[in-house]
């Protein structure tokens, strides 16, 4: 029997880029001529991290907890949803080890905003900045990301619990 219950979760989200919406990634408003379409603020990065948290803790997915059919989540701040997801994961007995995320977007350039995204993740998850990582990639002008039709985010998280005896069956 392992002395620790270690869990890894993977999250994914994609949203279309459309005119008339703000572009918000990692809780940062990024200047761009289009934004992401969605029921909430459509922050694909935070949605991927939220999904990874729920998955690692075997708590389902973001749609189960914050359904896009529920009017209370219309226009929701994804940072608030992420904080609530972290609370539920901790309530289930887990601590957040680290987060590694990738945003795939041909444009705009995200590198100038990575530091603010990492700071928001660390604050919302109540973990050190050194345990959060965000990478920005292009899709080399291939696929819908390369044509600037949408943005994809992927995330991996590690959770741990000090005793497997506490694990839910």
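Glycine is treated like the rest: Cβ placed from N, Cα and C.
Here is what Swiss-Prot says about this protein:
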type    : residues                             : note
BINDING : 13, 15, 47                           : divalent metal cation binding site
BINDING : 13-15, 39-40, 61-63, 66-70, 144, 147 : 4-CDP-2-C-methyl-D-erythritol 2-phosphate binding site
SITE    : 39                                   : site 'Transition state stabilizer'
SITE    : 138                                  : site 'Transition state stabilizer'
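Features recorded in Swiss-Prot, as mapped to the structure shown.
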residue	record	Cβ contacts under 8 Å, 6 or more apart
13	divalent metal cation binding site	44, 45, 47, 48, 51, 62, 152, 153
15	divalent metal cation binding site	36, 37, 38, 42, 44, 150, 151
39	site 'Transition state stabilizer'	68, 73, 74, 75, 76
40	4-CDP-2-C-methyl-D-erythritol 2-phosphate binding site	47, 66, 68, 73, 74, 75, 76, 77, 78, 81
70	4-CDP-2-C-methyl-D-erythritol 2-phosphate binding site	none
138	site 'Transition state stabilizer'	104, 105, 106, 145, 146
147	4-CDP-2-C-methyl-D-erythritol 2-phosphate binding site	106, 141
Enumerate the residues of the same chain, 13, 15, 47 excluded, that satisfy the criterion Cβ within 8 A of the mean position of the Cβ atoms of the recorded divalent metal cation site; list them in sequence order.
14, 36, 38, 42, 43, 44, 45, 46, 48, 153
Near the Cβ of residue 68 (4-CDP-2-C-methyl-D-erythritol 2-phosphate binding site), how many other Cβ atoms are there if near means within 10 Å?
13
Three-class DSSP secondary structure - residue 62 (4-CDP-2-C-methyl-D-erythritol 2-phosphate binding site):
helix
What's the number of neighbouring CB atoms sitting within 10 A of the CB on residue 62 (4-CDP-2-C-methyl-D-erythritol 2-phosphate binding site)?
26
Starting from the Cβ of residue 66 (4-CDP-2-C-methyl-D-erythritol 2-phosphate binding site), draw a 10 Å sphere and report how many other Cβ atoms land inside it.
21
Just how many other Cβ atoms lie inside 10 Å of the Cβ on residue 47 (divalent metal cation binding site)?
29
Under a three-state reading of DSSP, tell me whether residue 138 (site 'Transition state stabilizer') is helix, strand or coil.
coil
Secondary structure of residue 68 (4-CDP-2-C-methyl-D-erythritol 2-phosphate binding site) (DSSP, helix/strand/coil):
coil
Need the DSSP three-state call for residue 15 (divalent metal cation binding site) to compare against my parser.
strand
